[in-house]
Amino acid sequence: MFSQDDYQWMNRALELARRGRYTTAPNPCVGAVLVKAGVVVGEGWHQRAGEPHAEVYALHAAGEEARGATAYVTLEPCSHHGRTPPCAEALIKAGVTRVVAAMVDPNPQVGGRGLRMLSEAGIKADFGLLSAEAEALNPGFFKRMRTAFPQVTVKLGASLDGRTAMASGESQWITGPLARADVQRLRARHDAVLSSAETVLTDGASLNVRWDELPPSVKAVYPKEALRQPLRVVIDSQNRLTPDLPLFKTTGPVLLARHKVDGDWPEWVQQLELPLLDGKLDLVSLFMLLAKRNINSVLVEAGPRLCGALLGKGLVDELVLYQAPKLLGDEGRGLFHLPELTRLFQAPKLNLKDVRLVGQDIRITAKIV
Ligand code: AOF
Ligand code: ZN
């Protein structure tokens, strides 16, 4: 059904979409290419929520040349009046004769209506070209649209023998500087970073993105002026955090998840009251509320207790583990506290997606099955 040219142009649209990776949240990144008689007449990508969609930039660039062109888009053109008017309508008005979408938009406000509007207007509308690549562009947005939960990635640093700290708790620094820069990249790619009061108190963690510390490849596509800080969410069930901690001396919004709100905080520190479940803050409610606040993706940077609790509740999608070429011995601390795990058949299983060297450390990316 799709020609070699179709593949080529959709690959170009995917490439354009990736340029929005650090800036479009809570919107998905989307790329669009308009092609007429084998020549590109317009290109565009979505840059920021509230600003025009990819198709609008491409149509603007093409002007009158859009008439009779084929549009390649990495996501179904929208059909709804959101912050911007529907792209399906704009494509119809411009006289495009064929639209190829990599996938249907799982946003319930769209969900196939964009493609139907196009067909009804006599435009040939195809979808499903390079859909796996398009899916991989926006895992958080798609998960939130389909499940009303954010995509959750747990990041961990450990020794080669899988220890995250000495028995004393000493853990700075196990991994090397390039792995730490890569963690900055991960933070920049997520809408929220989740941690616990324990980690914030003992590590003095600031959990923000420091542009200067990003890897050069990220800086090249993400200018300092465009830097956005992820929402720092800290589980503080016993109200142990105080405004004098390093976390509150760094820029970026904070959300304190507590059982009872209290204290005087600056306006960029919000508090969220959560119910208790077996004496612990209810993490399922937390994630549902984060999704309601348009958080697509959460990066967890925490100790074995919070990581274990999240894993045990089936709330984790992915794991990014950095392993340094060091041995900390069997008295060192493990990565996940899983007291209910007693038999091998119960062990959580993972699918490895990627394994590579980052400096002298190994980076393992794995999906929880
Ligand atoms: C498109 N092209 O480039 C993007 C789309 O609030 P709005 O108006 O920006 O609408 C956001 C929704 O539009 C978003 O949730 C998603 O369903 C779709 N994104 N659609 O046709 C684009 N970024
Ligand atoms: Zn649109």
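Quick reminder: no glycine exception, Cβ is built from N, Cα and C everywhere.
Caution: TrEMBL annotation is automatic and unverified by curators.
Note that the structure is a prediction, hence the values are computed from the model and not measured.
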Please identify which of THR199, THR250, THR251, THR342 is recorded by TrEMBL as part of the NADP(+) site containing GLY157, TRP173, SER237, GLY303, PRO304, ARG305, LEU306, CYS307, GLY308, ALA309.
THR199
Per TrEMBL, which one of SER171, SER217, SER285 shares the substrate site with ARG187, ASP203, LEU207, ARG210, GLU301?
SER171
Nearest-integer angstrom distance between the alpha carbons (Cα) of ASP203 (substrate binding site) and ALA309 (NADP(+) binding site)
20
Select one residue from HIS53, ARG187, ARG305: among these binding-site residues, choose the one with the most other Cβ atoms within 10 Å of its Cβ.
HIS53
Work out the three-state DSSP category of GLY157 (NADP(+) binding site).
strand
Where LEU207 (substrate binding site) and HIS53 (Zn(2+) binding site) are concerned, what is their Cα separation in Å, rounded?
31
In DSSP terms, the domain 'CMP/dCMP-type deaminase' (4-125) comprises 44 helix, 23 strand, 55 coil
Of HIS53, CYS78, CYS87, GLU301, listed as binding-site residues, which ones have a Cβ less than 6 Å away from ligand 1?
HIS53, CYS78, CYS87
